[in-house]
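K.L.:
Annotations for this protein, taken from Swiss-Prot, read as follows:
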{"type": "ACT_SITE", "residues": "122", "note": "active site, proton acceptor"}
{"type": "BINDING", "residues": "26-46, 104-107, 221-223, 247-249, 265", "note": "NAD(+) binding site"}
{"type": "BINDING", "residues": "130, 133, 181, 184", "note": "Zn(2+) binding site"}
{"type": "DOMAIN", "residues": "1-274", "note": "domain 'Deacetylase sirtuin-type'"}
């Protein structure tokens, strides 16, 4: 039996032996849906790190650059559809094997695939909120507002980047008009957790509560370089739970894993979860 088949057989056994899985997914789970990831096989940045919270809140130039790239990128991101990995994990949940699926992604593709008990750890890109009055709204109308205010930018074409961004280089972002909150005139931000921003406590508590009842942990498409997700794997290891990972390249928790399959998530899960 070759190593590939051996890994798949071992993963089938791992999943078959669990009744209360805690699943943690990252960007690699959505790459087959056409959404790029941030890191290479060594866990290093493939491109410039994303904007951080302080920069976004601290100045109009940073917000103009962010929203220009996001407006152009949303056309691609908003059309992404679940891939075989999302559908396989949804099947596991529908069978009652998944206590909670915690995703670091903001694309809502697990829900689109029919996933149950999904926790969007870092929020969701299909909603926006005001940082002053907490007004909230769907991304569709906000996208329309952005495009009406910036018709010349709306016609631009650019390559897709992670998390709904677009690769726009050499542009004069000072000419991009950033709309304000329709209720109070405040700063509008996507309802996602930026770098430098804290994950809401209730989400973290819900994840830890599910982990206490889990009998195994499955990591899908995450290098675990971000502490926001890595901490749950650390806690699982301390509790003696078996941990498996499907990920191309190294993870921060390689020394904690009972099993690792270094192949694309969609291919592996399509074969293992019938």
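Note: Cβ is positioned from N, Cα and C throughout, glycine not excepted.
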K.L.:
Are there residues of the same chain, six or more positions away from residue 130 (Zn(2+) binding site), whose CB falls under 8 angstroms from its CB, and which are they?
P.N.:
136, 181, 183, 184, 186, 187, 188, 189
K.L.:
Distance check, please: Cα of residue 133 (Zn(2+) binding site) against Cα of residue 34 (NAD(+) binding site), rounded to an integer number of angstrom.
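P.N.:
Spelling it out, the Cα of residue 133 (Zn(2+) binding site) and the Cα of residue 34 (NAD(+) binding site) are 35 Å apart.
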K.L.:
If you count, for each of the binding-site residues 26, 34, the other Cβ atoms lying within 10 Å of its Cβ, which residue has the minimum?
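P.N.:
Among the binding-site residues 26, 34, the lowest count of other Cβ atoms within 10 Å belongs to 34.
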K.L.:
For the C-alpha pair, I'd like the distance in angstrom between residue 107 (NAD(+) binding site) and residue 122 (active site, proton acceptor), rounded off.
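P.N.:
Distance between the two Cα atoms comes out at 10 Å.
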K.L.:
Validating a neighbour-count step here. Other CB atoms within 10 A of the CB of residue 181 (Zn(2+) binding site): how many?
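P.N.:
Neighbour count, Cβ to Cβ under the 10 Å cut-off: 19.
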K.L.:
Roughly how many angstrom lie between the C-alpha atoms of residue 34 (NAD(+) binding site) and residue 122 (active site, proton acceptor)?
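P.N.:
So the Cα of residue 122 (active site, proton acceptor) lies 20 Å away from that of residue 34 (NAD(+) binding site).
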K.L.:
Rounded to the nearest Å, what's the C-alpha distance separating residue 247 (NAD(+) binding site) and residue 122 (active site, proton acceptor)? Just drop the number here, would you?
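P.N.:
The Cα atom of residue 247 (NAD(+) binding site) is 20 Å away from the Cα atom of residue 122 (active site, proton acceptor).
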K.L.:
Within 8 Å of the Cβ centroid of the Zn(2+) site residues 130, 133, 181, 184, which other residues of the same chain have their Cβ?
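P.N.:
Neighbours within 8 Å of the Cβ centroid, excluding 130, 133, 181, 184: 131, 132, 134, 135, 180, 182, 183, 185, 186, 188.
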K.L.:
In whole Å, how far does the CA atom of residue 26 (NAD(+) binding site) lie from that of residue 122 (active site, proton acceptor)?
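P.N.:
That separation, Cα to Cα, works out to 11 Å.
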